[in-house]
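Asks: Take a look at the following structure, please.
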Amino acid sequence: MAQISKYKRVVLKLSGEALAGEKGFGINPVIIKSVAEQVAEVAKMDCEIAVIVGGGNIWRGKTGSDLGMDRGTADYMGMLATVMNALALQDSLEQLDCDTRVLTSIEMKQVAEPYIRRRAIRHLEKKRIVIFAAGIGNPYFSTDTTAALRAAEVEADVILMGKNNVDGVYSADPKVNKDAVKYEHLTHIQMLQEGLQVMDSTASSFCMDNNIPLTVFSIMEEGNIKRAVMGEKIGTLITK
């Protein structure tokens, strides 16, 4: 019997660092294979899935800006880094016989389709895995904001935020403060008021304004994406 997901359509947000593993840089083949297997498992259920991958394992626009680069140029470099991650994930998924499409906000027709909202929705309706890359196509906006915007555009039920170094949202950094408390449930306004570093304030405000729930969980535990899709209580749930 096919397992039933809680959600019809989800957006999975992965940090670039999640693909790097312990080295913190580049793409770890073992990690990306594990992520692809988890995504493929969800795709076989009755759930449509879109993925957004950051580029921090290759380049961070803010880092370049802090070093004196033009912020716009640095951010565009970061967008290109997300395309590299997206293509690597697409390749891993296709090796698992998953029909996958990469849609980019910056046109590069030789390697991916340009992002068109209706096309993205159509791919999802056809049960294809969609990977959004190159951010929203504009500098100064993070991939967290991309996840929020794309989730609203494709009418996703939830954003699943897979983290590589934490299993939910805590009152403080659990690696630094042993008294940090893990939250099972939060509201968007709490997250903003308490300055909890789940996503940047632009993305948080957008999710709150558009009533988009988030589940924050560890991507490093095998099977957690499936558990999140099935609505199991893992990580932290954030709602309006």
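Residue numbering: from 1, along the chain as shown.
A Cβ is built for glycine as well, from the same backbone N, Cα and C atoms used for every other residue.
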Asks: Looking at the ranges 21-26, 141-146, which is given as region 'Involved in allosteric activation by GTP' in Swiss-Prot?
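Replies: Matching range for region 'Involved in allosteric activation by GTP': 21-26.
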Asks: Need one residue: from ASN28, ASN164, the one Swiss-Prot lists with LYS13, LEU14, SER15, GLY16, GLY56, ARG60, TYR170, ASP173 for ATP.
Replies: ASN164
Asks: From GLY55, GLY162, GLY168, grab the residue that Swiss-Prot records in the same UMP site as ASP75, ILE136, GLY137, ASN138, PRO139, TYR140, PHE141, SER142, THR143.
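Replies: Site partner of ASP75, ILE136, GLY137, ASN138, PRO139, TYR140, PHE141, SER142, THR143 for UMP, according to Swiss-Prot: GLY55.
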Asks: Should anything in the same chain at least six residues away from the region 'Involved in allosteric activation by GTP' (21-26) have a Cβ under 8 Å from its Cβ atoms, list it; otherwise answer none.
Replies: 57-58
Asks: Under 8 Å Cβ to Cβ from SER15 (ATP binding site), same chain, six or more residues apart: give me those in sequence order, or none if nothing qualifies.
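Replies: Spatial neighbours, sequence-distant, of SER15 (ATP binding site): VAL53, GLY54, GLY56, GLY162, LYS163, ASN164.
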Asks: Average the pLDDT scores across the region 'Involved in allosteric activation by GTP' (21-26) and report the rounded value.
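Replies: A mean pLDDT of 84 is what the predicted model shows over the region 'Involved in allosteric activation by GTP' (21-26).
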